[in-house]
Amino acid sequence: MHYYRYSNAEVSCWYKYLLFSYNIVFWLAGVAFLAAGLWAWSEKLVTFCSGFFFQGVLSDLTKVTGLHGLDPVVLVLVVGIVMFTLGFAGCVGALRENICLLKFFCGTIVFIFLLELAVAVMAFLFQDWVRDRVKEFFENNIKSYRDDIDLQNIIDSLQRINHCCGAQGPEDWDFNIYFDCKSESKSREKCGVPFSCCIPDPAQKVVNTQCGYDIRKKSKSQWDDQIFVKGCIHALEAWLPRNIYIVAGVFIAISLLQVSCYYDSWKK
């Protein structure tokens, strides 16, 4: 049996280590996302199973993620699995010069790039439809605000960073049974808003988590001094034009990196 050696490697040396360096970072990020997602998921299961042992309720596993809104743990797990798989394929494909793995990596990345492009174009062409879907998404997650601590932290961060409250305004918190002014609930938070809607007081070093209590019982003219009255959808719509060049620059840079790095593996 005779073995043949090629005078030139199928993948150039500089390209090989460039691709490996890019993918090792990508793979490590995937590992981090996956680890965080599995840890958060295990915390949910522990909480759920403790409820079974002490309260005797293990009849419906969908209670773990049976929320009306977004479960952030599922999103983190999906992103982690995709990044881990692609990073692993890219690293092994580059080091071993495995053209099949590189083509799989290339094809998946090109598909993701085309999907990103399609979503951007569709969002631009059907802005009203996208706005309605985003509004519906926000409202569903407001309903589930107290049902999941991860979702609660995301909403609080979004409102605090963007200085906004609710999807289109503070009244949207009527979608949540704990904050609904019209409900028969005796919740202390009734007719209020979460603390993340409150305008922060620079003099306070400790966050006042009760600052939003009963605020919507007051006249709307008094809201401006105590809470953010702008909805988060309007805040995000205002943020995008101000940062359009940054967003476009990042998108173009990532796109060029994807196309340039994977063209060589695809043509093999």
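Placed from the backbone N, Cα and C atoms, the Cβ positions cover glycine too.
So that you can see what the record holds, here are the features copied from TrEMBL:
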- Cys164-Cys197: disulfide bond (DISULFID)
- Cys165-Cys181: disulfide bond (DISULFID)
- 20-41: transmembrane segment (TRANSMEM)
- 73-95: transmembrane segment (TRANSMEM)
- 102-126: transmembrane segment (TRANSMEM)
- 244-263: transmembrane segment (TRANSMEM)
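This view paints the features noted in TrEMBL onto the structure.
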{"residue": "Cys164", "record": "disulfide bond", "CB count, 10 Å": "25"}
{"residue": "Cys165", "record": "disulfide bond", "CB count, 10 Å": "28"}
{"residue": "Cys181", "record": "disulfide bond", "CB count, 10 Å": "14"}
{"residue": "Cys197", "record": "disulfide bond", "CB count, 10 Å": "26"}
Distance [Cα-Cα, Å, rounded] between Cys165 (disulfide bond) and Cys197 (disulfide bond): 5
C-alpha spacing of Cys181 (disulfide bond) relative to Cys164 (disulfide bond), in angstrom: 20
Distance [Cα-Cα, Å, rounded] between Cys181 (disulfide bond) and Cys197 (disulfide bond): 17
